[in-house]
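Worksheet for the structure shown next.
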Amino acid sequence: MSASKEVRSCLWTQSLRRELSGYCSNIKLQVVKDAQALLHGLDFSEVSNVQRLMRKQKRDDGDLKRLRDLNQAVNNLVELKSTQQKSVLRVGTLSSDDLLILAADLEKLKSKVTRTERPLSSGVYMGNLSSQQLDQRRALLNMIGMTGVSGGGKGASNGIVRVWDVKNAELLNNQFGTMPSLTLACLTKQGQVDLNDAVQALTDLGLIYTAKYPNSSDLDRLSQSHPILNMIDTKKSSLNISGYNFSLGAAVKAGACMLDGGNMLETIKVSPQTMDGILKSILKVKKSLGMFVSDTPGERNPYENILYKICLSGDGWSYIASRTSIVGRAWENTVVDLEQDNKPQKIGNGGSNKSLQSAGFAAGLIYSQLMTLKDFKCFNLIPNAKTWMDIEGRPEDPVEIALYQPSSGCYVHFFREPTDLKQFKQDAKYSHGRDVTDLFAAQPGLTSAVIEALPRNMVITCQGSEDIRKLLESQGRRDIKLIDITLSKADSRKFENAVWDQFKDLCHMHTGVVVEKKKRGGKEEITPHCALMDCIMFDAAVSGGLDAKVLRVVLPRDMVFRTSTPKVVL
């Protein structure tokens, strides 16, 4: 690897860490807990056997079965795991241009990974030849005098790399890759040290990783303080190895998980609710730094690596979890849908919720959505954390509601079709600037369902509490306590432009012109009021500045808007 490529990889990694910091978490305790479970429950004699078979020049179906069986045993013992999740990316948080970029890069990544797994070695294409074919080819090449190109002995110089001779190559998928908990357990057990010694050694390695990618010289110096690190093999490739190998990559990944507050990419957890936001942030860094999918087969660069890991499973710990139960590859498990535009469609008065209900259509939350809301944990909101709330519209007829927690960056944001159209048009002109047809696709019943799901005796902070209090009381939530910061209009909105500049992509519903009447006559155009943006700017006003953290939407889009037109049941 050239020096320029190392610098670029480091820059890409650091920039991705900054942009995705809001999706990172502290997982040291969970990793150590899984390592303890492996130390007590895993058969390390079988671990030793799998390490042995991974050193073989050729491996067969029997070897693969042993690897898969041991991987399944590990999967059964740990809690950090990714689950099978088919993700479909559509226009919403991601723009149509974003989707085109993702589709193209996933296709390039597919091509690169395919070429890497069937590599060129010393100029000779191996293909997917069986052991018998490789032996036959070696004999033929020896016969014609090409003994140094494609012999079957040890070492890469003879043109033969370690190969799996198996009937079904798909069974190899997702059986490799490293897990910090497994690396930690293997170092502890096979290095015959205390678990805490291994944790301390990996923590120091992780601290170096926050500034640069550790190399063999760094490891040698660190091994003087932590002899257990002598087990790490810096010459071992990170390609096509099992989680039981002591590669430098495996140790560095484990070290990243030992840091609390390091904003390491290895600690990202993806869910159906956060996937679009994560990909949006990745594309932002790609655009600013010119990141790309390389045509050269081999190890993945930071952009290729995070794109593959996020798209492999839309539910779980993308870098560090057990993924042995996942079927398929990243480009199979994440599909880009360029056909459907999921923005709320202007379908006219005939498509409003009231018209649908009068025509006999079922308009409202379906059972699975109600069950999701019933468990407040699904909100990802912390019950006792500072929570802002704001509404647009009248308390008896709200059209937009937002809840925002600055500590986590999580927010709930949804809309409602108004019943008083005349009052709505007045409010649109002087406050929120919405088009009523954009609200016809709003999911009915969501306001009551969300307010009902809020924890009892919750404390909510707001700027102006009267309307919010009336709304909560109308839903029977007198137990919720309100803190009104009562700032002046100018003070509460002093970060308005900064908030809209930074977070404008979070809401596209304010399309109209809003005016404000002046005391001495005349009118002046102002920025439309958005419940979510107001929550963010009110918090900035109280805190004295705007936090640059990444915000995470809680409610999936299909819960906020109806994504398809109901059908009449005949």
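The count begins at 1 with the first shown residue.
Using the three backbone atoms N, Cα and C, a Cβ is placed for every residue, glycine included.
Same-site candidate for Zn(2+) binding, as annotated by Swiss-Prot with Cys507, His510, Cys530, chosen from Glu396, Glu400, Glu417: Glu400.
Annotated Mn(2+) binding in Swiss-Prot involves Asp390, Glu392 plus, out of the candidates Asp260, Asp534, Asp539, the residue Asp534.
Nearest Cα neighbour of Glu392 (Mn(2+) binding site) among the listed recorded positions (Asp467, Cys507, His510, Cys530): Cys530. Most buried of the binding-site residues Cys507, Cys530, judged by other Cβ atoms within 10 Å, is Cys530. If you measure from the Cα atom of Glu400 (Zn(2+) binding site) to that of Asp390 (Mn(2+) binding site), you get 8 Å. Looking only at Cα atoms, Asp467 (site 'Important for exonuclease activity') sits nearest to Cys530 among the binding-site residues Cys507, His510, Cys530.
When Cβ atoms from all protein chains are considered, those within 10 Å of Asp467 (site 'Important for exonuclease activity') total 17, not counting its own. For His510 (Zn(2+) binding site) paired with Asp390 (Mn(2+) binding site), the C-alpha to C-alpha distance reads 16 Å.
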